[in-house]
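Structure record follows, encoded as structure tokens.
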Amino acid sequence: MSRFLICSFALVLLYPAGIDMYLVGLPRIAADLNASEAQLHIAFSVYLAGMAAAMLFAGKVADRSGRKPVAIPGAALFIIASVFCSLAETSTLFLAGRFLQGLGAGCCYVVAFAILRDTLDDRRRAKVLSLLNGITCIIPVLAPVLGHLIMLKFPWQSLFWAMAMMGIAVLMLSLFILKETRPASPAASDKPRENSESLLNRFFLSRVVITTLSVSVILTFVNTSPVLLMEIMGFERGEYATIMALTAGVSMTFSFSTPFALGIFKPRTLMITSQVLFLAAGITLAVSPSHAVSLFGITLICAGFSVGFGVAMSQALGPFSLRAGVASSTLGIAQVCGSSLWIWLAAVVGIGAWNMLIGILIACSIVSLLLIMFVAPGRPVAAHEEIHHHA
């Protein structure tokens, strides 16, 4: 079992590492490529676009051909794209490399969640996804620090060589450690069960909405945090970094505590708690009389996401024993596209950073609470976790 957990964690971590590690070198990259920092900030969106594009096909291929045939090319593409970015001499080539990086990371991301669905029952999967969420929260803190240390001695290209080395590690794990977990091709008697695993299932769609809104909350916070903390609240850059590190600490603490909470409380209770924390955060930020109270509201955001997201993802994947790859892709596409659409629309309409965050917090909590209360899980899939895997 440990081999599946290690491989899944490694496959997932390419995604945040690809986002956060290069940011510290952005000014130097812009100077060398004769582009403005503003022009290169689109590299974040291009990377997410690559991930979304990968998810359009990765899940279906993983369900038909297996998890390894998607993970291995995905890791290889991430390596090649990282090297391509390091060799880029124009901003256009750099952005093309970032898109390819996103494609590779997206393939690995989809496979990681499919593997966890293949190998873990509902309760263990919820615990592992909560732990994974906590580990993922470390990357935005550690990656820029590692990038800074690298750039003390080496040029910005070394950041992408470091990402390539990470990709090589994931490729080696996928080649030599990971075993295939895709369920064996269903017999004729299993066809009705395969056909019953519909992406239009009300319970699955409710969890897609809940997880998409939750990701929209956390990405809205990350996207608006420089404006909120430095421009509106007046913190210096060093203080901003400290606050973001502390919020990551809050996220890790609650993520690592959630598996223990699942041994005491029902998953539904934790999901309701998560949304109540979001609602409390929105109200706190809306009526906040001081910076200290606002910072408390921000900690509630991190706590709410950490308590509920892993549980909701586990519930979303639960009904899919034979189509876990497609379900994972659908979740990923909805989360990436939904959150990006909200942030873009809010910017186009002219909603300020503060109101943007408050609005998504309150909307997410109200909609999600209604879905949790009124959309119950259906009948468990027969032979839910008793799947025969390929050797």
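Backbone N, Cα and C atoms are what each Cβ position is placed from, and that goes for glycine too.
Owing to the predicted nature of the structure, the values given are computational and were not obtained by experimental measurement.
The feature topological domain 'Periplasmic' is assigned by Swiss-Prot to 25-41, 152-157, 223-244, 352-355, with sequence analysis given as support. What Swiss-Prot records for 63-68, 114-130, 179-202, 314-330, 377-391 is topological domain 'Cytoplasmic', and it gives sequence analysis as the kind of evidence. Sequence annotations record features per position, and here Swiss-Prot assigns transmembrane segment to 4-24, 42-62, 69-89, 93-113, 131-151, 158-178, 203-222, 245-265, 269-289, 293-313, 331-351, 356-376.
A contact between the transmembrane segment (158-178) and the transmembrane segment (203-222) is absent, since fewer than 3 of their C-beta pairs, 6 or more residues apart, lie under 8 Å. Mean predicted confidence for the topological domain 'Periplasmic' (25-41): the pLDDT average there is 82. Within the topological domain 'Cytoplasmic' (63-68), the DSSP-based counts of helix, strand and coil residues read 4 helix, 0 strand, 2 coil.
Of the recorded ranges 42-62, 93-113, 269-289, 293-313, the transmembrane segment (131-151) has the largest number of C-beta contacts under 8 angstroms with 293-313. Taking H, G and I as helix, E and B as strand and the rest as coil, DSSP gives the topological domain 'Periplasmic' (25-41) the counts 12 helix, 0 strand, 5 coil. Sequence-distant contacts of the transmembrane segment (356-376) (same chain, six or more residues past either end, CB-CB distance under 8 Å): 202-203, 206, 209-210, 213-214, 216-217, 220-221, 224, 228, 268, 271-272, 274-276, 278-279, 281-283, 285-286, 301, 342-343, 346. Within its own chain, the topological domain 'Periplasmic' (223-244) is flanked in space by residues 140-141, 291, 294-295, 298, 343, 353-354, 356-357, which lie at least six positions past its ends and keep a Cβ under 8 Å from the stretch. Residue counts for the topological domain 'Periplasmic' (352-355) under DSSP (helix as H, G, I; strand as E, B; rest coil) come to 3 helix, 0 strand, 1 coil. Within its own chain, the topological domain 'Cytoplasmic' (63-68) has Cβ neighbours under 8 Å at 111, 114-115, 118, 174, 178, 180-182, 322-326, 390, counting only residues six or more beyond its boundaries. Nonlocal intrachain contacts for the topological domain 'Periplasmic' (352-355), taken as residues 6+ away from its ends with a CB within less than 8 angstroms of a stretch CB, comprise 224, 227-228, 232, 285.
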